[in-house]
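Asker: This structure is in structure tokens; I'll ask about it shortly.
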Amino acid sequence: MKFDNILEEIDGCGWFQVLIVTLLCIPRVILPCHFLLNNFIAAVPSHHCDLSALDDGSLFGNLTQEQRLTVSVPVQEDGTPSSCKMFPEPQFHILSNSNNSDLATVPCQNGWTYDNSTFKSTMATEWDLVCDRKGMNKATATIFFVGVMIGAIAFGTLTDKFGRKPMLLVSYTISMVFGFASAFSNSYTMFGVMRFFTGFGLTGISIISTVLSVEWVDIKHRALIGITGSMAWSFGNMMLAGIAYQVNDWRMLMIAVSAPLGLAIITWWWLPESARWLIANGKVERAHLYLEKCARFNNRKDFTSKIKLEHLSDVVGTDNHNKTYSYLDLVRTPKMRRLALLTGIVWYGVASTYYGISLNITGFGLNVYLTHFIYSAIEVPAKMVVYFCLDTIGRKHCQAGTLLLTGTCIAINIFVPKGQWHVRTIVAVLGKGLSEASFTTVILYTAELYPTVVRQNGLGYNNFMARLGVSIAPLIILLEDVWKPLPEVIICCVSILSGLVAFLLPETHNARLPETIEDIEQTKKRNPIFVSPLEKTEVLLKSQKNNELDQ
């Protein structure tokens with residue numbers, strides 16, 4: 001008997017599973033609020049050199065603000081005042097002669113003046129992370145995702161060793177403590193350290209909540225539960241635009257998006273441990289307890305009479321419950337090694353494409369809040385479409401197709417002229433929806449590909465590969481100085497390549513979740529989850545025979 005047969009007996013998608021998904025949606029709503037927070041806390045408003053030191057009470061003091069800018073700040077090619085340069089001294093003759101192209105300029109001498117009409121305060125305005133220091137502003141996102149990357153490795157190992165539920169509480173606590181600490185940082189260095197550990201904790205929420213949801217649901221409803229949990233990300237993403245619009249001070253915004261983790265810590269007490277993990281690690285009594293609780297919740301009270309405690313240890317099919325698994329087990333055997341290589345490439349491509357689009361919200365000619373909301377809203381219909389595709393064309397073709405179509409949209413925009421903004425906008429929004437569909441698919445798909453004993457390790461490794469792609473993305477964007485379309489060309493190629501690699505992965509639609517590494521390495525194809533009536537009869541007869549022997 002497999003664990004999925006037990007789930008069928010106790011209802012693998014009842015009120016118990018609804019409770020789990022609902023409780024896990026609370027922290028998952030917070031994830032995009034931190035992952036895409038740099039769009040707002042690191043925003044750089046319009047700015048120019050501070051001219052207050054030039055006001056010596058003479059002629060300069062009698063000029064209007066527009067005239068002061070004219071005589072003190074050179075004009076850029078697009079006709080706007082320079083953000084980083086100024087004249088060594090006021091050039092009053094420019095008021096009668098607008099030509100200032102040959103005049104000497106110097107970097108801003110007394111700081112900057114910022115346009116506070118959109119943002120009351122950002123990191124860039126508080127610590128002057130502009131001009132020569134703009135790289136430090138962009139680095140805050142890289143620091144955060146490096147924390148996410150390291151956290152993926154750490155939580156992947158610790159969660160497979162100590163369990164899903166305990167490590168989920170650890171990730172909640174770390175995320176909330178360092179999230180609040182980031183808001184009270186008094187220096188750039190302190191903020192960088194706090195954001196690193198915030199990302200470290202948040203990645204635990206991301207990978208553990210996904211696995212815990214999937215491991216408690218039967219195969220028939222895995223896609224539904226996966227999409228439902230993923231919807232929490234999209235709603236959180238849309239909420240971020242509204243929260244940031246209402247709270248336009250970066251410190252208060254940090255507090256606002258971290259506070260709901262307090263509620264997540266409270267609701268953690270009602271979450272169950274993964275029964276799959278408990279059985280795989282020899283903790284059969286606790287697993288039986290949770291399974292009984294699930295049966296009562298789902299109104300399947302005859303569970304105890306059908307499934308005996310001593311039979312659960314045979315469910316996973318491993319004789320060594322005390323074995324400790326690590327990341328090395330992902331590459332010890334041939335098929336696991338191949339699986340890790342292929343999924344790593346796919347995750348790198350998915351994340352690079354998604355964040356390459358999501359972190360660039362300046363292409364609509366709209367304000368930053370509306371642009372972010374539009375990019376977020378397109379994810380909802382994309383996920384609804386992908387839900388039907390997952391069970392229609394399968395996981396593999398859905399994964400490969402969304403990546404290839406995303407790359408196609410990026411390629412189209414490379415050749416569409418800048419003047420045709422309406423065409424570029426439609427293609428960009430479509431590409432964003434497809435990139436989110438590919439991300440939604442890969443999370444569910446990967447959880448189904450890896451066996452229970454190393455599932456968290458597998459997700460941890462793949463999250464590491466994803467965040468590696470996100471961390472490198474800002475460096476790719478800098479290549480626009482070499483050739484303007486080069487970043488788009490690179491992201492397009494990465495998306496298409498990872499889409500082609502996805503075709504090499506096995507299909508998991510209608511297949512049981514693998515429990516051990518032997519399930520992956522065996523040459524025989526995994527049995528479909530929708531077993532035949534004959535197989536069901538054999539399982540029930542065997543169970544009844546065992547019950548008679550026990551009596």
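Residue 1 is the first one shown; counting continues down the chain.
Using N, Cα and C of the backbone, Cβ positions are placed for all residues, glycine too.
On a predicted model such as this, the values are computed, not experimentally measured, just so you know.
Pulled from TrEMBL, these are the listed features:
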TRANSMEM  12-30  transmembrane segment
DOMAIN    86-510  domain 'Major facilitator superfamily (MFS) profile'
TRANSMEM  139-159  transmembrane segment
TRANSMEM  166-184  transmembrane segment
TRANSMEM  196-217  transmembrane segment
TRANSMEM  224-244  transmembrane segment
TRANSMEM  250-271  transmembrane segment
TRANSMEM  339-357  transmembrane segment
TRANSMEM  369-390  transmembrane segment
TRANSMEM  402-420  transmembrane segment
Asker: Look at every Cβ pair spanning the transmembrane segment (166-184) and the transmembrane segment (369-390), keep those 6 or more apart in sequence, and say whether at least 3 of them are under 8 Å.
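Answerer: Counting Cβ pairs under 8 Å, fewer than 3, so no.
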Asker: Using a Cβ-Cβ cut-off of under 8 Å, list the residues of the same chain that are 6+ residues beyond the ends of the transmembrane segment (250-271) and lie near it.
Answerer: 19-20, 23-24, 26-27, 29-30, 33-34, 37, 40-41, 119, 121-123, 126, 165, 168-169, 172-173, 175-176, 179-180, 182-184, 205, 212, 240, 243-244
Asker: State the residues, same chain only, that lie 6 or more residues beyond the ends of the transmembrane segment (339-357) and have a CB under 8 A from a CB inside it; answer 'none' if no residue qualifies.
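Answerer: Same-chain contacts beyond the ends: 330-331, 375, 399, 403, 406-407, 410, 428, 431-432, 435-436, 438-439, 442, 446, 449-450, 458, 461-463, 465-470, 472-473, 476-477, 487, 491, 494-495, 497-499, 501-502, 504-505, 520.
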Asker: If you average the pLDDT over the domain 'Major facilitator superfamily (MFS) profile' (86-510), what number do you get?
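Answerer: Per the prediction, mean pLDDT sits at 85 for the domain 'Major facilitator superfamily (MFS) profile' (86-510).
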Asker: Give residue numbers and ranges for long-range contacts of the transmembrane segment (196-217): same chain, 6 or more residues beyond its ends, CB-CB under 8 A.
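Answerer: Same-chain contacts beyond the flanks: 7, 12-13, 16-17, 20-21, 24, 27-28, 30-31, 34-35, 143-152, 154-156, 159, 164-165, 167-168, 170-176, 178-179, 182, 225-226, 229, 264, 271-272, 274-277, 294, 443-444, 447-448, 452, 455-456, 459-460, 463, 467, 513.
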Asker: Excluding the flanking five residues on each side, which residues at least 6 beyond the ends of the transmembrane segment (369-390) place their CB within less than 8 Å of a CB in that stretch?
Answerer: 32, 36, 39, 223-224, 226-227, 230-231, 233-234, 237-238, 240-242, 244-245, 357-358, 361-363, 398, 401-402, 429-430, 432-434, 436-437, 440-441, 444, 509
